[in-house]
Each structure stands twice: as structure tokens, then as C-alpha cells.
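Per Swiss-Prot, the feature signal peptide maps to 1-22; the stated evidence is sequence analysis. What Swiss-Prot lists as disulfide bond is CYS32-CYS180, CYS54-CYS58, and the listing cites similarity to another entry.
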Amino acid sequence: MLQKRGRGLLVLLLMLLEWTRPGLLSPLRPICDLRVLNHFIKEARDAEVAMKSCTEGCSLSESVTVPQTRVDFDVWEKKNGLEQAQEVQSGLWLLQQALNLLRTSVTNTALHSHIDNSIRNLLSINAVLRSLNIQEYTPPASTVALEGTWRVSSATDLLQVHVNFLRGKVRLLLLDAQACQQDVS
């Protein structure tokens, strides 16, 4: 038994030494692990599916402003990191405002947990951005001044925008974040 335990500790030690050996890529910071974002995307899709199957008490009370989700890669790559971060943060803020309105509009209680989850996930993404030293976003006094937005009037459209925004611009920002780049030690 002692030999088994000793071998296990030796294997663990060798794995740690191999992992931290100079000259190899350093492991990603946990905050940069895209599996977290993938989980948020899955939950956003679940909310969208639940909304599509809803027949009663699941509509928006008014149309809402949401971010554009289409990414022109030539334009995106010409933007500096601060501009990209501001675009993502303004989109997250718009989605949070829209989801808060949806939460108060929807009377179907089965959807409340999906909407609450989506709002919590947006707050978590904002916390991730802060931990990556991305400057805090200051929302505008009015959404009229925001570029790259449009309006949706259905809850399903809102949740589809939510999914696509996470899959697109949020993912791109996290992939390109300086703190998430793997450096050779």
C-alpha cells in the first residue's frame, strides 16, 4: 500500500514538474478558460429554447435596444483593445437592461429562473472583464448615443441576440485579452 501511495505521489510530482518546466507554455489562467464562457452560452441557449416553447406570459412589454451581433473581422481587428472592450461592455450593459425589462414583463414563472440566470451570467462576465484589467464601463445617459445597436420587440429575438453576442464579440474579446495570452516562460 505504501508503495502504491509513493508511486502516486511520484507521478503527481513529475506531472507538476513537467507542467512548470521552463520553456513550456504556461497554463491559462482559470479566468481565461473558455469553458466558462461556453457554459454561459449553453445557459443562454437553454433560455432561448424555453422562450421559444413558451405560449403564454412570455412577451416583452416594449421594444428594447440591443447590440449588433454581426462581426466584421476587418473592422474588429483594426480596433484597439480598449475600443473592443468598450463595444463588448456596452453590449453587455444593453443586454442586462433588456433582460431586466424582460424579467418584469414575463409572467410565466418557469422562465424567471432562465432570465435570472442570464442576468447573473452577464454580471459574471463583467467581473471576468474587470479581473482581466479591462477598464470599468460607464453607461451612457441614453442608448440613443450608442453606435452599433438595433431594436427588438420579441423576447425570442432578445434571447437570440444574447446567445449570438456571447458567441461572437465576447468570445473574441476574451481570446484576444492580453492577460489570456500564453507566454513562453
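Glycine is no exception: its Cβ is also placed from the backbone N, Cα and C atoms.
Counting every protein chain shown, the Cβ of CYS54 (disulfide bond) has 17 other Cβ atoms within 10 Å. Between the CA atoms of CYS180 (disulfide bond) and CYS54 (disulfide bond) there is a gap of 39 Å. Long-range Cβ contacts of CYS32 (disulfide bond) within its own chain (separation 6+, distance under 8 Å): LEU132, LEU174, ALA177, ALA179, CYS180. Local packing around the disulfide-bonded residues CYS58, CYS180 was summarised as the count of other Cβ atoms within 10 Å of each Cβ; on this measure the leading residue is CYS58. DSSP classifies CYS54 (disulfide bond) as coil under the three-state reduction.
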